[in-house]
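Participant: Per Swiss-Prot, the features are:
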CARBOHYD  Asn187  N-linked glycosylation site
CARBOHYD  Asn190  N-linked glycosylation site
CARBOHYD  Asn198  N-linked glycosylation site
MOD_RES   Ser21  phosphoserine
REGION    1-41  region 'Disordered'
TOPO_DOM  1-58  topological domain 'Cytoplasmic'
TOPO_DOM  152-225  topological domain 'Extracellular'
TOPO_DOM  572-632  topological domain 'Cytoplasmic'
TRANSMEM  59-79  transmembrane segment
TRANSMEM  87-106  transmembrane segment
TRANSMEM  131-151  transmembrane segment
TRANSMEM  226-244  transmembrane segment
TRANSMEM  253-270  transmembrane segment
TRANSMEM  306-323  transmembrane segment
TRANSMEM  335-356  transmembrane segment
TRANSMEM  389-408  transmembrane segment
TRANSMEM  438-456  transmembrane segment
TRANSMEM  473-493  transmembrane segment
TRANSMEM  514-533  transmembrane segment
TRANSMEM  553-571  transmembrane segment
Amino acid sequence: MTAEKALPLGNGKAAEEARESEAPGGGCSSGGAAPARHPRVKRDKAVHERGHWNNKVEFVLSVAGEIIGLGNVWRFPYLCYKNGGGAFLIPYVVFFICCGIPVFFLETALGQFTSEGGITCWRKVCPLFEGIGYATQVIEAHLNVYYIIILAWAIFYLSNCFTTELPWATCGHEWNTENCVEFQKLNVSNYSHVSLQNATSPVMEFWEHRVLAISDGIEHIGNLRWELALCLLAAWTICYFCIWKGTKSTGKVVYVTATFPYIMLLILLIRGVTLPGASEGIKFYLYPDLSRLSDPQVWVDAGTQIFFSYAICLGCLTALGSYNNYNNNCYRDCIMLCCLNSGTSFVAGFAIFSVLGFMAYEQGVPIAEVAESGPGLAFIAYPKAVTMMPLSPLWATLFFMMLIFLGLDSQFVCVESLVTAVVDMYPKVFRRGYRRELLILALSVISYFLGLVMLTEGGMYIFQLFDSYAASGMCLLFVAIFECICIGWVYGSNRFYDNIEDMIGYRPPSLIKWCWMIMTPGICAGIFIFFLIKYKPLKYNNIYTYPAWGYGIGWLMALSSMLCIPLWICITVWKTEGTLPEKLQKLTTPSTDLKMRGKLGVSPRMVTVNDCDAKLKSDGTIAAITEKETHF
């Protein structure tokens, strides 16, 4: 991969250098000689090029790997069943059109236009809202610490699958209690009503006693689970080597990590729909209950699922888009990827609920008693269903391999985008030698040690705090509101449409522009307010209540990202010289080196005779594209 050298066009000194380069062999000579090199290029000879994707497939697979993750398998199907089956698709499609696609496209196009990571892209389009970039990276830093814990659990389960009998299929192990009952072998006449009430399944005891060794509460952190610590180390090692060479390594790894889960999902789908009772499970999954649409919580669940599953407001899409060629048709890519993501979620529901229907059929209980979401589905419900199948170790192996690959590319793309943001802020520091690789190593080591606290006996309580507060839907909605305000009103939706037209050759439908300006921020603000009004303190398993300081930690993690935006606005306005209108004028003016490089603009990579003639003003300076379209 190579990246072309750039000669930015601007006023003042930049214009002088451009005119001085018109010597023989310069960029604007009439002889058609090679373009001039910017003097800085020679001084920074040791600075590595930023790089690009080798081809479109690498970009598409990287984005697909990031957005298609565990939430598609363990969250969407359960939400669909819980919120009216097929009726849930109505609010889901509304949010898909009004929030999912517009914000997804906004972030991807912004990265492609600026060729910058998740922080510097906002600095270039509107310095006043650079805090958006910091907010996204704080959320991403939280995700990098806790999301990979799920991979550690999955690796531990996978390591226990290579046996003739799965260890969570039977009682009698050292971690089982006297209340352990194998329900598939249950003879009700041998148990009293009281003993059945206290009975627990071997799969539940394996999860709570063997894997988590869970304590009584967050107050009792307990000992480190060293086996899980080794699994976490393995996960971080794999993650590091997937991204240590940037797009050169990531672009190759995603050919496997983004496609393999589809093979596993197809196999599990075929197996699931052929099981007895599968049809009942699918019916519960899709049977429409239109009366549920009157419940506001159904609409909130649909909106938050869109934000969770599309990886928006994390800076990932901006970072991945920044490695695209300038003229890549990012609009077409975004529409295709959004449809692929939602389609995968829908199909995954058949694979999951067919198996849950089978489990309910085998146990003779309603599906409502076996349906789970989140870790409960991945590590309790589905493993329990697998024990009822012939060749159960094989199906368990395939399932946990699918989980690992689904989570792995989501994890390393998150780390890659955080690294991209840092490197783009300090390119002369980190694009030399092996400094970028050392930065990735440092972030991985720090995140690993921070994650160890979630692998203690009380670690599950901390994990739930991260999941419910640090990367909650409330934080994502808050960031989305400001993203839309910045692009739709401050930078200007029409100007951004000009930038997009310059990149892809045409203007997308006006609906997306109106979503940026009105619909998306309005909907997000409504859901955000609903979150605050209906807020209920987190309870683990709906039983354990956290101490006050536990909720305090959760809210600190949530506010650590959301406060970045208003704090940055206040600090920059205070530090900028001039009157308030002058300050706002400066802070809402895009960077002078932010240029359109296609047919509507001038390429900063190569300056030709025609370009120089077209852009030179009467006073000899080169025109800068800094006209404002602020809707204040």
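Positions of Cβ are set from backbone N, Cα and C atoms, glycine also.
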Participant: Who are the chain neighbours of the transmembrane segment (473-493) in space, where the CB to CB distance is under 8 Å and they lie at least 6 residues beyond its ends?
Facilitator: 99, 102-103, 106-107, 110, 122, 125-126, 128-129, 132, 135-136, 139, 303-304, 307-308, 312-314, 513, 515-518, 520-521, 524-525, 527-528, 531-532, 558, 561-562, 565, 588, 590, 628-632
Participant: So which of 226-244, 389-408, 514-533, 553-571 has the most C-beta pairs under 8 Å when paired with the transmembrane segment (438-456)?
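Facilitator: Top-ranked stretch among 226-244, 389-408, 514-533, 553-571: 226-244.
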Participant: With pairs fewer than 6 apart in sequence excluded, do the transmembrane segment (131-151) and the transmembrane segment (253-270) have three or more C-beta pairs that lie under 8 Å?
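Facilitator: Counting Cβ pairs under 8 Å, fewer than 3, so no.
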Participant: Under 8 angstroms for C-beta pairs, at least 3 of them, ignoring pairs fewer than 6 apart in sequence. Is the transmembrane segment (514-533) in contact with the transmembrane segment (87-106) by that rule?
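Facilitator: Counting Cβ pairs under 8 Å (6 or more apart in sequence), the transmembrane segment (514-533) reaches the transmembrane segment (87-106), since there are 3 or more.
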Participant: Residues with Cβ closer than 8 Å to the Cβ of Asn198 (N-linked glycosylation site), same chain and 6+ apart in sequence?
Facilitator: Asn179
Participant: May I ask for the residues of the chain that lie six or more residues beyond the transmembrane segment (131-151) and have a Cβ under 8 Å from a Cβ within it?
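Facilitator: Distant Cβ neighbours of the transmembrane segment (131-151) are 70, 117-123, 231-232, 235-236, 239, 313-316, 318, 375, 378, 403-404, 407-408, 410-411, 414-415, 417-418, 421, 443, 447, 450-451, 454-455, 459, 463, 466-467, 470-471, 475-476, 478-479, 482-483, 486, 557, 560-562, 564-569.
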Participant: Which listed range (59-79, 226-244, 553-571) shows the maximal number of Cβ pairs under 8 Å with respect to the transmembrane segment (389-408)?
Facilitator: 59-79
Participant: Restricting to the topological domain 'Cytoplasmic' (572-632), report the mean pLDDT as a whole number.
Facilitator: 63
Participant: Pairs of Cβ atoms less than 8 Å apart decide it: which stretch in 59-79, 226-244, 306-323 has the most with the transmembrane segment (335-356)?
Facilitator: 59-79
